[in-house]
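What TrEMBL says about this protein:
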type: TRANSMEM; residues: 6-25; note: transmembrane segment
type: TRANSMEM; residues: 37-58; note: transmembrane segment
type: TRANSMEM; residues: 78-95; note: transmembrane segment
type: TRANSMEM; residues: 107-128; note: transmembrane segment
type: TRANSMEM; residues: 140-158; note: transmembrane segment
type: TRANSMEM; residues: 170-193; note: transmembrane segment
type: TRANSMEM; residues: 213-236; note: transmembrane segment
Amino acid sequence: MSLFLSILSQIVGWVYFTAWSFSFYPQLFLNYKLKNVSGYSLDFGVLNFSGFLAYSFYSIWGYAEPSIMPGQVDPSDIAFACHAWFITTITLIQCNHYESVWNRTALWVKLLSLFFWISGTLLGVLQLTGNLTDSTDWNGCLYLGYIKVFITLIKYMPQVYMNYVRKSTVGWSIINVLLDFTGGSLSILQIFIDGANSGDWNVFGGGGAFNVAKFLLGFLSMVFDIIFMIQHYCLYGGDKKASDSIKGIDLDTLYKNPQM
């Protein structure tokens with residue numbers, strides 16, 4: 001083990017934590033500034049809440065019992081996951097002040113979230129009571145990681161679609177996107193630093209440095225961030241006129257008049 005790589009990993013880890021964590025705040029402030037969430041997908045918000053709840057438990061559990069999961073969990077992973085869940089909760093509370101979150105959330109999002117909450121809790125309890133295997137191929141801890149990966153795969157889609165329907169990214173913070181891309185890329189970089197330091201690249205074996213869930217979260221986030229950048233800078237690029245026009249307009253109006 002290299003002391004230099006260990007220190008570098010911690011530096012990169014806390015820088016990614018800072019960038020990824022601060023990525024949540026611009027949207028929070030933008031919602032407050034506009035006094036509405038017309039440009040923010042509530043489906044994305046609910047899925048984000050569910051995903052980070054699962055990822056928080058996954059990270060804490062994986063750090064406490066590293067033998068039951070592939071990959072390495074760093075303290076910065078736990079700090080990021082728990083902070084992300086906290087701030088997404090605050091964002092949902094804020095959204096509910098402007099819109100009725102539960103009424104505005106799509107049925108498939110509600111059902112999927114409930115399924116993940118119930119199944120995750122059930123498998124977690126079974127694992128902790130010794131009724132599930134401690135195999136690194138399948139266990140309750142890994143299931144929570146899989147939940148987060150799947151949610152990350154689908155959670156951005158409602159926001160991409162909303163931007164497309166409105167032909168605008170006004171109300172969706174591009175600063176959020178840029179910080180998210182930075183955090184995702186540094187998160188992946190830390191995985192490779194840890195792998196180079198340990199020399200163990202066994203993706204599906206215990207003790208390896210390659211945290212599959214962490215890698216997929218970073219990769220998928222970066223892919224969608226690029227889509228958002230294209231929407232904002234190349235396709236729509238909301239200006240002040242578009243920003244002014246969105247104030248006071250609810251989602252029903254936006255969907256009926258997507259050019260607004």
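Residue numbering: from 1, along the chain as shown.
Glycine residues also receive a Cβ, built from the backbone N, Cα and C atoms like all the rest.
Below 8 angstroms of C-beta separation, residues 27, 31, 78, 81-82, 84-85, 88-89, 91-92, 94-95, 98-99, 101, 104-106, 109-110, 112-113, 116-117, 120, 124, 141-142, 144-145, 147-148, 151-152, 154-156, 158-159, 161-162, 166, 168-172, 213, 217, 246, 249-251, 254 of the same chain, each at least six residues beyond the ends of the transmembrane segment (37-58), sit close to that stretch. Packing against the transmembrane segment (6-25) from elsewhere in the chain are residues 74-77, 79-80, 83-84, 87-88, 91, 175-180, 182-184, 186-187, 189-190, 193-194, 197: each is 6 or more residues past its ends and has a CB under 8 Å from a CB in it. Long-range contacts of the transmembrane segment (107-128) within its own chain (CB-CB distance under 8 A, at least 6 residues past either end) are made by residues 43, 46-47, 49-50, 53-54, 57, 139-141, 143-144, 147, 151, 158.
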